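Undergrad: What Swiss-Prot records for this protein is below:
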{"type": "BINDING", "residues": "T42, R43, R87, D104, D105, V106, L107, Y108, T109, G110, R111, T112, R137, V161", "note": "substrate binding site"}
{"type": "MOTIF", "residues": "100-112", "note": "motif 'PRPP-binding'"}
Amino acid sequence: MTAPKATILSSDEIRRALTRIAHEIIERNKGAENLAIIGVHTRGIPLAERLASKLSELEGVEVPRGMLDITLYRDDLSEVARQPIIRETQVPFDLADRRVILVDDVLYTGRTVRAALDALIDLGRPEGIQLAVLVDRGHRELPIRADYVGKNLPTAKHEVVKVKLQETDGTDIVELFDPEDLQ
């Protein structure tokens, strides 16, 4: 793998973006009462953990957190792998009467979010669902929009946005690549 085309967010910029998103969530929801944070595998989970911790720190209430595997809800499952890896879904609380903040790293076509919404609705009927993403790169194929965005990043369709997080990759950074640079 060669050097990235550009660094989109540094570690400090990721931290600041998540802090801003936490404040926006609190403002829109008039606090953190009745909120729950659910991260989409894989990198949505550590982002959700960080957001939940920040919300708890700012509001003084424990925000329930969960993780969602959308593998079986994807509309491209046959293209992903012959034997898809099924990860764990953990939502150890009742969704009823909660506003759920669904968290993912990158919003692109909207298909991952659509699958996450299907998976979430199968678990219960929350009061509402809001979407928080670290990067929105455009190119939507479905009518889906994030409620909270760390960075809007217009990209070419062929470009690749790579999010690396301390919990999964040992570092916090968001980089932009041309596909041939990832070979």
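These residue numbers are counts, starting from 1, taken along the chain as shown.
Any Cβ shown, glycine's included, is placed from N, Cα and C.
Help me picture where these features are in the structure shown.
TA: If you draw a 10 Å sphere around the CB of L107 (substrate binding site), it holds 25 other CB atoms from the protein chains shown.
In this model, the motif 'PRPP-binding' (100-112) carries an average pLDDT of 98.
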Undergrad: Using Cβ atoms only, which residues of the same chain lie under 8 Å from T109 (substrate binding site) while being at least 6 residues apart in sequence?
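TA: Once residues fewer than 6 apart are set aside, T109 (substrate binding site) is near H139, R140, E141, L142.
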Undergrad: Using only the residues recorded as binding substrate (T42, R43, R87, D104, D105, V106, L107, Y108, T109, G110, R111, T112, R137, V161), report the maximum Cα-Cα distance in Å, whole number please.
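TA: Those residues reach a largest Cα separation of 26 Å.
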Undergrad: Determine the Cβ neighbour count for T42 (substrate binding site): the number of other Cβ atoms within 10 Å of its Cβ.
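TA: Around the Cβ of T42 (substrate binding site), 17 other Cβ atoms lie within 10 Å.
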